[in-house]
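Data first, discussion second: the structure below is written as structure tokens.
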Amino acid sequence: LTGVLDDCLCDIESIDDFNTFKIFPKIQKLQERDYFRYYKVNLKRPCPFWADDGHCSIKDCHVEPCPESKIPVGIKAGSSNKYSKAANNSKELEDCEQANKLGAVNSTLSNQSKEAFIDWARYDDSQDHFCELDDERSPDAQYVDLLLNPERYTGYKGPSAWRVWNSIYEENCFKPRSVYRPLNPLAPSRGGSCLLVSVCRFSWTGLCLEKRVFYKLISGLHASINLHLCANYLLEETWGKPRWGPNVKEFTRRFDPAETKGEGPRRLKNLYFLYLIELRALSKVAPYFERAVVDLYTGNGHEDAESKALLLDIFRDTKSFHMHFDEKSMFAGDKKGAKSLKEEFRLHFKNISRIMDCVGCDKCRLWGKLQTQGLGTALKILFSEKEIQSLPENSPSKGFQLTRQEIVALVNAFGR
């Protein structure tokens, strides 16, 4: 790939140089730190859209949860919004005060009413989220060590996988006009001209910038996942010893222009576009982490300080990039129309995050959920610029807040 990307002033060569020499080595180190390697996820949530067709029985689909004893004390002790030592130490006091407040009101309320109030509060909290978040208090939610459960090709394919991507593209994605994506090769093509994962009669006619951006982000996420599978493919297994590595033939099948009717390079360009969006989010959220109140707390003071220093170093690099995507060009029309479009944007993406609970392979579901939440967090940041700029320096966030889960997902998604 070469040249300028659509809908921005950035060229591919500049991104390659910037990422290879500045960002990638540092983001790799950051992902190995305790704060960012443990991700809490519920892999047992039922698919909300169709009857579950069973989980992948291939052994490489399995995710090995992390024993409680291995999780750093500061991570498992803190609630989802706590990331500093002070916040963790004050949790008991907060719980006490909260109990007193609830007690004062709830003495006349039934248990059903109390539950309703909690649900309402949860609903209010979720209004700025672009993702359906796992309930971390669920007994089915477990910590996973991402370094011990790498994203790679597990053998999961067929109707279950096709149905997930078909649902995303056909029902939950703003598409270029006349685009048809029959991801299931068994599905009849329209006019016989569409092949596996191909796009026919590609045209942006009538699609506004915001909807083009949405489509490119989902296509970029899809390309990202496919690239990881091609780069870390099960090449052979002899005497129970698997050998993983790049599968050039598989990469060619998914991305070569001749194999994809010219669509492959466009998919790769959308991956670069996804990179730009998440890079922009990192540069915008820097003030949130630059405050002394944010510690990336694990309980190990020395490591926590090093992790934060490395993260701030990455933020400095992201700010130095001179070809950022300009998100101010989005939702810039009349206020009523812009607000309605933004909400449509958010709900479409939230639906896609719920579809990740329909992925039959646990390892694919883990990385699908994590990367979707990472992108959702990036979008949340880009639409919260005013709130981030007005954050108090030495007190907890009110207008804008990130949970530890969102922080871990954002960094690891960008790392992918």
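Cβ from N, Cα, C; glycine included.
Residues annotated as active site, nucleophile in TrEMBL: CYS361.
What TrEMBL lists as active site is CYS364.
Residues or ranges marked as FAD binding site in TrEMBL: ARG152, THR154, TRP165, SER219, HIS222, ARG254.
If you look up TrEMBL, you'll see CYS56-CYS61 (among others) marked as disulfide bond. Of all Cβ atoms in the shown protein chains, 19 besides its own fall within 10 Å of the Cβ of CYS61 (disulfide bond).
Per TrEMBL, the feature disulfide bond maps to CYS361-CYS364 (among others).
Distance between Cα atoms for CYS61 (disulfide bond) and CYS361 (active site, nucleophile): 5 Å, as a whole number.
The Cβ neighbour count for CYS361 (active site, nucleophile), using a 10 Å radius over every protein chain in view, is 24.
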